[in-house]
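Note sheet for the following structure.
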Amino acid sequence: MQVIMKKIIVLNKLEFHRISPLGTSIQERLDFSSVQINTIGSACNYGVYLGKPFLGYLVDNHSARRVCFASSVLIFFGFSFLALTYERLLPPSFILCAFYLLCTGVASSGAFSAGSIMFLGSLFLIVVPAPSHVSTAIESGSDNSIPVDSDPSRVKGLTTEQTPLLNKNTSTSHIIVEDNEPDIGGWQLLHNKDAISLILVLVLLAGTGLMYINNVGTIIETLYHASPAHPSHPYLFPTTLNADIKKLQSFHVSLLSICSCIGRILIGPLSDIAKNSFNLSRICSLIFAGVWLFCGNLLALLWVRDMNQLWIVTTCIGLGFGILYGVAPTTCSEYFGSKRFGFNWGLISCFPALGAQGFNLLFGYNNDFHRDHCKGAECYNFAFYFSSIGCFISIYIAYRWFTKVQKQREHIEH
């Protein structure tokens, strides 16, 4: 049941990929500018990322089920108020729309964090009976009873099974946490060079990925009207055009979600193989994610000129984004410890929202400035110059971090 609920929570989190095509519909219906609609999309990102430290603390120290229930209620009201605003039953204010999506973002992050803790807890929970020095008797429907000693291994006449997860020579104090596991958190985390490297990589890579995810609907609409096969004016035959555009937007959003899911699934075993078989740090997976995102942004900048080519960009960015968020939490736990993982990962996850805000505003301002005298890729190319540079810088940072860690490993081995 918890596996099923985990999948439902993940599907709800992926629903935010639909903000982009929904954003173009909201923009047209409520007459918002590109900057305003990007602010609304960024508010959702702020909710997802900035609420993680507080939510991680709540999940670590309080009931995860209560957090999950409260999150489900908040998601319901957030999307309901947004729908009422779209139908003009509530004031059409972009600030209110941003607030609604901010709440749903916080709620989605809380549900995902709580669901992750409950799901992982069900996988790794080991129930150990409390020791007792008093022998007890088990009634079996007759007067015969079987004495049960406090040590199960000394019970005669009963078959026992020893779990391979526990070593006979391992004390209970070492079952969960090893002595050499790092324990870095709080202000010490923000002054750690490895943490700073991870934060910079996430800011640049996640920022560029979220820029594309939030604006793919606008890119599709721009390329659609620039194609010779379609009328260039966006309001000519609006019924047919809007239906075709919505189908294309839904296709690319689905492709983003599928590729992101594939990236998250594959990078786990691949990073384990790289670490255990080739002694490569998991940081190489961050470089791998950066290469996918860099290729996607570079193709959008230099190659894509019509709708038939855009799916390749969507595939690259979806895979890169999935790989990034598939390996980054594991990297955080591996380098900074699992004792305060909820708070540490929540704190680090705040920073990608800043990168998303910067790249989204850059895309929005550029689109508003050129929308009256541009056509096709000319309307957004400027933003992809900066996103491509950001991806390249992140790859360089991750590579320097990777080489430093590999040299430290070689020094320890020799």
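Each residue, glycine too, has its Cβ placed from N, Cα and C.
Bear in mind that TrEMBL entries carry predicted annotations, made automatically and left uncurated.
The domain 'NFD4 C-terminal' annotation in TrEMBL covers 251-404. Annotation source TrEMBL lists transmembrane segment at 67-86, 98-128, 195-213, 251-271, 283-304, 310-329, 341-362, 382-402.
Pairs of Cβ atoms less than 8 Å apart link the transmembrane segment (382-402) most often to 195-213, out of 195-213, 310-329, 341-362.
Counting only same-chain residues 6+ beyond the ends of the transmembrane segment (310-329), those with a CB under 8 A from a CB of the stretch are 198, 202, 205-206, 209, 212-213, 216, 219-220, 223, 251-252, 255-268, 271, 282, 285-286, 288-293, 295-297, 299-300, 304, 341, 345, 348. In this chain, the transmembrane segment (195-213) touches the transmembrane segment (283-304); three or more CB pairs sit within less than 8 A of each other, excluding pairs fewer than 6 residues apart. Of the candidate ranges 67-86, 195-213, 251-271, 195-213 contributes the most Cβ pairs within a distance under 8 Å of the transmembrane segment (341-362).
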